[in-house]
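Lifted from TrEMBL, the feature list:
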BINDING   B:D75, B:D77, B:D79  Mg(2+) binding site
BINDING   B:C76, B:C92, B:C99  Zn(2+) binding site
DOMAIN    B:28-101  domain 'Phosphoribosyl-AMP cyclohydrolase'
2 protein chains.
Amino acid sequence: MTDLTLAFDDNEYLPAVAQDAASGEVLMLAYVTEEALEKTRETGYAHYYSRSRDELWKKGGTSGHTQEIEEVRVDCDGDALLYLVDQSGGACHTGYESCFYRTVDGEEVGKQVFDPDDVY
Amino acid sequence: MTDLTLAFDDNEYLPAVAQDAASGEVLMLAYVTEEALEKTRETGYAHYYSRSRDELWKKGGTSGHTQEIEEVRVDCDGDALLYLVDQSGGACHTGYESCFYRTVDGEEVGKQVFDPDDVY
């Protein structure tokens, strides 16, 4: 197996979708650099790149809500990644299991699994 | 319910992840403009914006492999969308059910559901 060519964008980012490998729930969308992807594959834990803080970060580094990697997939044109993960705690800093806890109409449909005041 | 504020990027794009509402499979990642999102909500079928062709497109407009919308979700910081869809045929132009049909090591893990030569 050879690694596929990845189409990082002009800023050297690729979007990565994290999905709970067990429940199938889509947890979050964040960005990776080549270095963040390497760290992810090397350590077996999801790493991303914060575009606002301009730094590599390990998911759960502060909260303990890590994402253990089961598989990393790439899409047909190599410009998006899918992380299949085993999520500890909740993925969202708001305490919800998934960052996608609301419909676009503002209705809450997600499940809160921790109290952010206890964690951060 | 009021609509949430969406954080379109500097190019007026937002990434949108399409997930099969029945199987939970993550099908693709594409981008929307405000107009593409409006079309999606108005028609009940997934629309995206092609950054390379610089145009609004209806998913399945050519192939017939449309995505009927069950729900549109937005993430915590309003900069990503999740389309929960009923996918006709396969989502990927390669004939696979999902665009994420390979691991990053190049191993094929997805299921081919149509022959692209028959469709395009």
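Here the Cβ of each residue, glycine as well, is placed from N, Cα and C on the backbone.
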Original post:
Taking the Cα atoms as reference points, how far is B:D77 (Mg(2+) binding site) from B:C99 (Zn(2+) binding site) in Å?
Top reply: 26
Original post:
Expressed to the nearest Å, what is the distance separating B:D75 (Mg(2+) binding site) and B:C92 (Zn(2+) binding site) at their Cα atoms?
Top reply: 24
Original post:
Fewest other CB within 10 angstroms, which one of the binding-site residues B:C76, B:C92, B:C99?
Top reply: B:C76
Subject >> Neighbour count (Cβ, 10 Å) for B:D75 (Mg(2+) binding site) >> reply: 27
**OP:** Express the predicted model's confidence over the domain 'Phosphoribosyl-AMP cyclohydrolase' (B:28-101) as a mean pLDDT, rounded to an integer.
**Re:** 97
Original post:
Which one, from the binding-site residues B:D77, B:D79, has the smallest tally of other C-beta atoms lying within 10 Å of its C-beta?
Top reply: B:D77
Original post:
From the Cα of B:D79 (Mg(2+) binding site) across to the Cα of B:C99 (Zn(2+) binding site), what is the distance in angstrom?
Top reply: 22
Original post:
Cα-Cα separation of B:C92 (Zn(2+) binding site) and B:D79 (Mg(2+) binding site), in Å?
Top reply: 24
